[in-house]
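Working notes, beginning with the structure itself.
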Amino acid sequence: MTMVEHYPFKIHSDFEPQGDQPQAIKEIVDGIKAGKRHQTLLGATGTGKTFTMSNVIKEVGKPTLIIAHNKTLAGQLYSEFKEFFPENRVEYFVSYYDYYQPEAYVPSTDTFIEKDASINDEIDQLRHSATSALFERDDVIIIASVSCIYGLGNPEEYKDLVVSVRVGMEMDRSELLRKLVDVQYTRNDIDFQRGTFRVRGDVVEIFPASKEELCIRVEFFGDEIDRIREVNYLTGEVLKEREHFAIFPASHFVTREEKLKVAIERIEKELEERLKELRDENKLLEAQRLEQRTNYDLEMMREMGFCSGIENYSVHLTLRPLGSTPYTLLDYFGDDWLVMIDESHVTLPQVRGMYNGDRARKQVLVDHGFRLPSALDNRPLKFEEFEEKTKQLVYVSATPGPYEIEHTDKMVEQIIRPTGLLDPKIEVRPTENQIDDLLSEIQTRVERNERVLVTTLTKKMSEDLTTYMKEAGIKVNYLHSEIKTLERIEIIRDLRMGTYDVIVGINLLREGIDIPEVSLVVILDADKEGFLRSNRSLIQTIGRAARNDKGEVIMYADKMTDSMKYAIDETQRRREIQMKHNEKHGITPKTINKKIHDLISATVENDENNDKAQTVIPKKMTKKERQKTIDNIEKEMKQAAKDLDFEKATELRDMLFELKAEG
């Protein structure tokens with residue numbers, strides 16, 4: 001058993017909260033202390049929401065889970081929080097699959113697709129680091145994607161199976177080795193890696209699953225632990241002496257031997273009942289398939305203690321009743337903790353939708369004899385269960401969704417940007433002669449070396465408009481969903497560099513389109529109500545022009561819809577608040593100068609002057625060149641992950657998939 005140690009949260013920053021940040025921090029902190037369950041931070045683009053969240057965590061002093069809606073965003077937040085809290089445990093918990101094809105069955109073609117996955121070892125290490133941190137200290141911030149609501153092993157079992165070693169403790173070497181094997185560590189004296197241990201005489205070296213380069217050297221003197229040291233596993237350099245060390249299990253799905261026996265009996269009983277059911281329905285093929293697959297898994301469990309796809313038996317392994325709520329990362333937090341949901345208008349619907357998608361796929365597998373019905377219990381949480389498990393939540397969004405609005409009695413607003421930048425001016429113009437009018441507006445921006453985003457409603461309109469603009473001599477490109485990640489990043493970069501002056505697209509709300517050079521956003525068909533022209537989408541689109549001090553938005557429409565009116569009024573309200581603040585403090589709005597990164601690059605061996613020259617990937621390559629480029633990108637991706645630059649690593653990974661697919 002390990003004791004949770006107490007440490008205060010300490011922020012490292014050159015800045016103090018300013019603008020309306022102090023007020024927002026105070027309101028949220030007071031709300032949490034008063035026991036409020038739901039609060040929403042309505043933070044406009046560029047107002048420093050992350051800094052506000054950090055200050056709230058520091059004041060409240062509770063372990064905190066921050067959920068983002070994708071890995072890229074989680075990686076970005078992880079880097080930012082790590083900078084703010086270098087002395088505290090900031091952890092990263094996302095799906096460890098670089099690539100994941102879940103097992104599935106297509107009845108119409110009688111095709112079974114085996115589970116195929118590539119696990120990222122570094123992310124697996126970070127997941128172990130996150131869960132073990134929660135049992136070691138209370139100053140923990142975990143940045144997670146929605147994968148935190150997926151099944152994980154029993155936290156009590158995980159905690160109880162910790163192997164605790166202490167100097168002076170009576171324990172012989174073979175007892176330690178036995179305990180390590182029980183928690184799924186394997187002995188490997190040659191290939192020493194995470195989750196293994198090696199033995200040299202009276203010295204046992206253990207590579208914990210939660211560590212990256214650090215192993216633990218335990219030295220014995222007879223039946224007593226004589227010395228414990230932290231060692232660099234590569235160089236053998238001793239880093240520090242330890243009095244005590246807790247070794248957490250190498251897997252989150254770890255089960256004691258006596259429990260495994262009970263679990264196997266339960267699986268056999270369920271198999272017997274299910275086979276009878278299938279045979280009674282004359283589904284003989286399905287029955288044979290299920291019997292064969294399950295018996296193979298059971299044999300593996302008896303011999304090895306685990307099997308491939310063991311998570312499908314999690315309800316039995318944790319001895320829970322069928323249909324009960326699975327254990328997830330949320331259960332690893334204690335009783336008093338905090339949840340923050342970033343971009344909640346996107347993240348909450350994602351949390352809500354996870355269960356149904358997963359259920360539909362697994363039901364087909366169960367119906368056709370690929371899995372036992374209990375496999376349905378290896379699932380993400382239902383939304384109601386998520387609500388039940390979370391005690392206090394802070395939603396963070398520039399455009400809160402219906403759930404947040406319904407559950408929060410009063411929004412905590414953060415409208416003022418420390419940079420003084422105002423929300424853009426909005427003008428509504430009639431659709432008559434809109435294209436000629438648009439061209440003259442673009443011309444004005446081009447002369448000032450500024451960029452333009454144009455959003456349309458249909459793919460055809462985007463294509464036609466792009467062609468028309470090209471014929472009119474405008475440097476324009478078209479961004480649509482079929483464009484690969486690689487090209488997409490390249491197009492945005494080229495817009496910033498001035499290769500293009502205009503980008504035309506349908507949904508320009510995806511992350512990565514915050515471009516300070518954009519001074520004009522044009523919304524065509526603004527009066528056509530629908531998902532892309534809802535008040536939330538309009539406010540988000542308008543926000544794309546809020547990073548430039550000359551930011552303007554033109555909506556072409558023949559009538560004023562409720563969504564337009566709301567978006568215009570809200571933008572004007574925020575604009576006035578910022579203007580008053582600027583006037584009071586003598587701030588002059590200034591466009592943010594954001595460095596243009598060359599992400600579309602593969603590190604290549606180049607001339608002596610340039611150690612890390614980066615080349616743009618050529619469009620046509622020989623097989624040999626392609627392989628060399630793939631190797632280079634892979635190297636760069638691993639380096640980026642090591643440097644905790646997950647945003648870059650994710651983009652490089654997507655590039656890698658595309659290059660491999662093209663090969």
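Placed from the backbone N, Cα and C atoms, the Cβ positions cover glycine too.
Cross-referencing 96-119, 336-359, 480-503 with Swiss-Prot places the feature motif 'Beta-hairpin' at 96-119. Of all the binding-site residues listed (Gly43, Gly46), Gly46 has the fewest other CB atoms within 10 A of its CB. When other Cβ atoms within 10 Å of the Cβ of Thr50 (ATP binding site) are tallied across all protein chains shown, the result is 17.
Counting every protein chain shown, the number of other Cβ atoms lying within 10 Å of the Cβ of Lys49 (ATP binding site) is 22. Annotated ATP site Gly43, Ala44, Thr45, Gly46, Thr47, Gly48, Lys49, Thr50; additional same-chain residues within 8 Å of its Cβ mean position, judged by their own Cβ, are Thr52, Ala398, Gln414, Arg417.
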